[in-house]
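In TrEMBL this protein carries:
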REGION    1-44  region 'Disordered'
DOMAIN    95-506  domain 'Amino acid transporter transmembrane'
TRANSMEM  115-139  transmembrane segment
TRANSMEM  174-197  transmembrane segment
TRANSMEM  244-265  transmembrane segment
TRANSMEM  285-303  transmembrane segment
TRANSMEM  334-355  transmembrane segment
TRANSMEM  375-399  transmembrane segment
TRANSMEM  420-441  transmembrane segment
TRANSMEM  447-469  transmembrane segment
TRANSMEM  481-506  transmembrane segment
């Protein structure tokens with residue numbers, strides 16, 4: 001006979017339910033529990049629903065309370081809503097997943113900057129070049145993990161943008177000063193560089209395909225910049241970050257394809273007879289030091305994209321049982337595996353093929369200069385076309401935080417979402433501003449070392465400081481020392497690499513061009 005009172009087994013609550021944001025689109029965003037909440041003495045919304053509490057209660061009431069327990073574990077506490085989230089491009093759609101995260105991270109993490117990495121090896125040599133590239137890769141992978149974990153570090157808050165997390169860690173005003181300039185500079189500067197590279201590549205593609213038949217009245221380089229900018233503006237009309245997942249997939253596939261084609265074509269051809277693998281010698285010791293610093297800046301610039309990590313994670317739904325950091329980290333691991341498969345072969349294969357004869361524009365410029373007559377025109381044209389597709393896709397994801405900032409300013413002033421015309425106007429304005437900056441500063445795409453130095457804290461330094469200030473590990477523990485040391489090393493490298501980049505421009509007249517038309 002079934003006893004009147006039955007003791008049922010209920011799994012212990014794995015961690016405390018924590019507050020969350022309920023966005024206007026209906027997606028809930030619970031937070032991981034803090035260390036204090038994990039203690040056995042802490043109260044949780046379901047702590048009263050325990051075997052001891054349930055034992056004197058009849059079966060119908062038990063079922064009600066068990067169902068309530070499951071609901072509370074899934075939903076958690078509701079916090080104050082932010083209706084503006086539903087109006088902005090980054091947080092407008094919350095249906096992202098691990099696949100979207102992989103596409104976006106891969107599109108943002110690999111691109112034209114990988115093509116210039118062999119230039120750094122010409123100054124560093126084999127040993128120091130491979131060592132610096134390996135350390136930078138694992139360092140940025142660690143800081144990427146930090147950002148993914150900190151996205152929901154504070155109960156009741158999702159840090160949907162890099163600047164928001166910086167404000168939480170460093171304070172409202174200091175966080176803006178420290179993070180706003182490098183993140184905007186990285187997004188806008190990359191978009192401008194993509195216009196320059198995309199336009200020049202389109203010109204070369206047209207020359208290769210059309211040949212002498214189209215040499216009577218060809219478009220100028222600036223006109224090709226305008227053509228590429230117009231294509232970028234048309235694609236930028238997609239409303240939000242999730243809506244460009246297809247473009248990110250195209251960008252990821254094209255980046256992997258042309259990176260593989262470039263290094264395979266380079267190593268398959270005969271090497272130049274005067275090739276050497278000794279680091280380039282400069283007339284003075286100071287010149288050598290600054291050139292090495294500039295080369296390290298090029299390595300640092302290759303690992304951009306951390307300014308987009310929180311934005312990508314913000315497009316995912318998050319609940320207590322299914323927090324957003326799980327699919328985000330799964331997608332990021334896949335993306336950075338492929339990034340390594342692109343960056344390391346391009347760098348090592350390119351330096352093996354050309355040594356210190358590597359042109360300042362990188363491996364694609366070297367391939368065109370040394371083997372343009374040895375490689376079939378169709379294959380060369382296909383490589384350039386893939387670069388154009390990748391630049392078009394990368395422009396969209398790097399411009400999205402700027403679009404988000406424009407619309408955030410508009411919605412905060414008017415208290416209503418942007419209309420289609422206002423949104424389109426912002427994106428047309430940004431596209432042409434980037435075009436005019438590119439025309440006025442045509443050498444911007446060449447400043448890889450300086451860009452790497454100026455934006456290095458975003459990737460290598462700030463996340464370590466944020467982890468200490470928000471997570472508050474035990475003082476003087478290994479975790480505490482490790483993150484402080486990494487953070488200050490990142491700041492020191494940023495200063496040194498910026499100085500090296502400036503010195504290279506001023507004293508060497510370094511005007512790196514990725515593609516030099518004939």
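One is the number of the first residue shown, and numbering goes on along the chain from there.
Cβ coordinates are placed from backbone N, Cα and C, and glycine is handled just like the others.
Please treat TrEMBL annotations as automatic predictions, because they have not gone through curation.
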| said: Below 8 Å between Cβ atoms, which of the listed ranges 174-197, 285-303, 334-355, 420-441, 481-506 makes the most pairs with the transmembrane segment (115-139)? | reply: 285-303
| Cβ pairs under 8 Å between the transmembrane segment (420-441) and the transmembrane segment (174-197), at least three | yes
| note | Outside the transmembrane segment (174-197), at least 6 residues beyond either end, the same-chain residues with a Cβ under 8 Å of its Cβ set are 111-112, 162-163, 166-168, 225, 228-229, 232, 304, 307, 387, 391, 394-395, 398-399, 401-402, 405, 430, 434-435, 437-438, 441-442, 444-445, 451, 454-455, 457-458, 462, 514-515
